[in-house]
Every structure is written in C-alpha cells, then in structure tokens.
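Participant: Dumping the structure here so I can ask a few things about it.
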C-alpha cells in the first residue's frame, strides 16, 4: 500500500466516521434564500440600482465570465482584494486608491504587496463598462463587492444576494493602519477569534470566511515559518516535504496553491485539508487544532452546502463593515483615484511647468 493511498484511505475513514454523527450544530437552508434574510445596515438595500442601473449585476458577471475563462486565478485575487478592503477602514474601496502626494496607498503596505495588479485592472475595467451603460451612479465599492461574489460563483461556489448602496472613500489608510488591521497568516485561533470579534464577526463567521482559501495561491514567505528552522509538528509530513520542495528556502519567491485538492474550485475541500493537517498557514491549520473551532471545520468538511450557507451569511456581514452610504464619500469615476484628483493632477502639472519656465 503506497503512502499516498494510505492518506486517501485515512481521509475517507475520517469523513465516514464523522458523517455517522448527528449534526445539530447548524441548520441548513438554501444559500440564496438565506442571504436575503440577512440583516442589512441603514442606507443599503437589495435593489438599490433597480432604477438607476438595473443591469449592473449582469454587466459585471458577463464580463467576469470572459476574464476567468482566460485566467481563473483572478477570481481568488478579486475575492482577496474585497477581504483586504473591508478589513481596513471598511468596505469603501480605499484599497483601490493609488498613492498620492499625501503618501503611499494601502497597496504599498506589506500585506498587500502580493495582491495581483491585474485584478485591480479588472475592477477598473468593470467600472468603465458599468459607467458606459448607466453613467456615474454605481460605486467602486459596490462593483468590488459584486465582483467578489461573482468570483465565488464562477469558481463553483454559492450564489447569493449582495446588498448595495455603498459609497467610495475619499482617502486611503496609512501603511501602518493597513498592516495593523489585516490578520497575518501566523495568527493562531485565539488571535483570530479576538480580531474577528472586534469586527462583530463570530467564530462561525471566522471559519466560514477562512474557507475563501479554497481557491488561490500563497507566496512562500507567508508560510515558511512553519517549515524553517523547525517544522510545525501539526503539519502532515508528506505535505511538509512537498512544501519544502516548492520553497527550498524561507524567502523563496515561489508560490503554492492554498488548497491541494481542488485549487481552482470553490468547494469545501479546504476543510478536508485541515483535517488531514494540510492547511497552509498557521491561521488555517489552527482552526482544526483549536477545540473551539474544530467542530465547525469538521461540519463544513462533510457538508459542503452547510459551508456554502454560512459562507454567504458571513460574506454579507463582512461586506457591510463600516460602509459609507447616502451622501458620505463619493462615487468615483476612476476606482484608483478620487474624483478631484484628476483635476488636481492637471493643475499640479501646470504649476510645475510654469515654475520651470521662470
């Protein structure tokens, strides 16, 4: 019997034994219906653009189908940008802003250096398509929230309604603020639980949102602390050996898929990875190690629909964190710059040219 076969058999036996347990921890309902039952903050609504831009969701999904057909990896990249936006200042598209004379933008902060630049281009292209059809009425923050949802759906995950009506921020966070608000991959379960609780996200939300790692890639330095100088004892040895081949040194520039079983499919295999001690980050694997979150991991591993149901609820909750609504903020014409910046840039260039002629 080969080692790989033994691992598969062990996985199967674990899942079978867990399926024999009666699970009353979570109720299961249809994800789309459940999402509509989620509470929404004042200023957002399920049909915000019904009159101003009724086809906005169709425009975005149609374009993303083309984009992901060329590069499915962009689905995970867009989803990650949405997470990184919401966890810093709230879901107001500040992560999309490029740096300015006031300083570097959020994209220059260490946790955001590995965000794919092409994904930002995709968001701006969506902005242009929507604006061409409807005018400047749909915010970049709403476009990003819808694009994140469609990244999940078009990768095989659940469809869900997205409350709309967000406005775009007028400023980006400092690099320090950005760094301090994004949970690092070396956080353990206790640190994650506390961090999420500060955002009114509970333990189930934490485990469900972590399931976003079922797609995408990670750069070696984000997890090699578990390999060098000493190997994390919670890591499967065969998995560790594979990672060491991918990342021969702690600072290797190589990348590794987050989910070794189905890296480009949004499913529940991420939780199966954790049960087999094949989670990539400490923040992943410790969800199975810690008794407070282990049961949720096990439940999601054996019931994909259960995971989908709770993921959609958690995404809707996260997508409403510290949103701007009404007359707050603005609706950007270009997602990477404030509306006034285009004019100011021209003015500054004119002043510089005039000074050079003196």
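Including glycine, each Cβ sits where the backbone N, Cα and C put it.
Grabbed the feature section from Swiss-Prot, which reads as follows:
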- 53-134: disulfide bond (DISULFID)
- 80: site 'Transition state stabilizer' (SITE)
- 84: active site, proton acceptor (ACT_SITE)
- 86-91: disulfide bond (DISULFID)
- 140-335: disulfide bond (DISULFID)
- 188: N-linked glycosylation site (CARBOHYD)
- 202: N-linked glycosylation site (CARBOHYD)
- 213: heme b binding site (BINDING)
- 220-247: disulfide bond (DISULFID)
- 251: N-linked glycosylation site (CARBOHYD)
- 334: N-linked glycosylation site (CARBOHYD)
Participant: Within 10 Å of the residue listed as 'active site, proton acceptor' (Cα to Cα), which of the recorded positions 91, 220, 247, 251 do you find?
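Facilitator: Qualifying among 91, 220, 247, 251: 91.
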Participant: By the DSSP assignment reduced to helix, strand and coil, which category contains residue 140 (disulfide bond)?
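Facilitator: Note: residue 140 (disulfide bond) is helical by DSSP.
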Participant: What count of other C-beta atoms do you get within 10 angstroms of the C-beta of residue 140 (disulfide bond), across all chains shown?
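Facilitator: Within a 10 Å radius of the Cβ of residue 140 (disulfide bond) lie 29 other Cβ atoms.
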Participant: Give me the long-range Cβ neighbours of residue 213 (heme b binding site): same chain, 6+ apart, Cβ under 8 Å, in sequence order.
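Facilitator: Result: 258, 259, 270, 280, 281, 284.
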Participant: Once the chains shown are all counted, how many other Cβ atoms turn up within 10 Å of the Cβ of residue 84 (active site, proton acceptor)?
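Facilitator: 20, counting other Cβ atoms within 10 Å of residue 84 (active site, proton acceptor).
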Participant: Rounded to the nearest Å, what's the C-alpha distance separating residue 251 (N-linked glycosylation site) and residue 220 (disulfide bond)? Just drop the number here, would you?
Facilitator: 7
Participant: Just to be sure I understand the packing, how many Cβ atoms besides its own are within 10 Å of the Cβ of residue 202 (N-linked glycosylation site)?
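Facilitator: Around the Cβ of residue 202 (N-linked glycosylation site), 13 other Cβ atoms lie within 10 Å.
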Participant: Among the disulfide-bonded residues 53, 91, 134, 247, which residue has the fewest other Cβ atoms within 10 Å of its own Cβ?
Facilitator: 134
Participant: Per residue, counting other C-beta atoms within 10 angstroms of the C-beta, which of the disulfide-bonded residues 86, 220, 335 reaches the highest number?
Facilitator: 86
Participant: Out of 188, 251, 334, which has the highest number of nearby Cβ atoms, where nearby means within 10 Å of its Cβ, if these are the glycosylation sites?
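Facilitator: Checking each of 188, 251, 334, the winner is 334.
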Participant: How many Å separate the Cα atoms of residue 86 (disulfide bond) and residue 188 (N-linked glycosylation site)?
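Facilitator: Residue 86 (disulfide bond) to residue 188 (N-linked glycosylation site), Cα-Cα distance: 21 Å.
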Participant: What's the CA-CA gap between residue 91 (disulfide bond) and residue 202 (N-linked glycosylation site) in angstrom, rounded?
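Facilitator: Rounded to a whole number, the Cα-Cα distance is 18 Å.
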Participant: Just to verify a number: CA distance, residue 335 (disulfide bond) to residue 80 (site 'Transition state stabilizer'), in angstrom, no decimals.
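Facilitator: One finds 17 Å between the Cα atoms of these residues.
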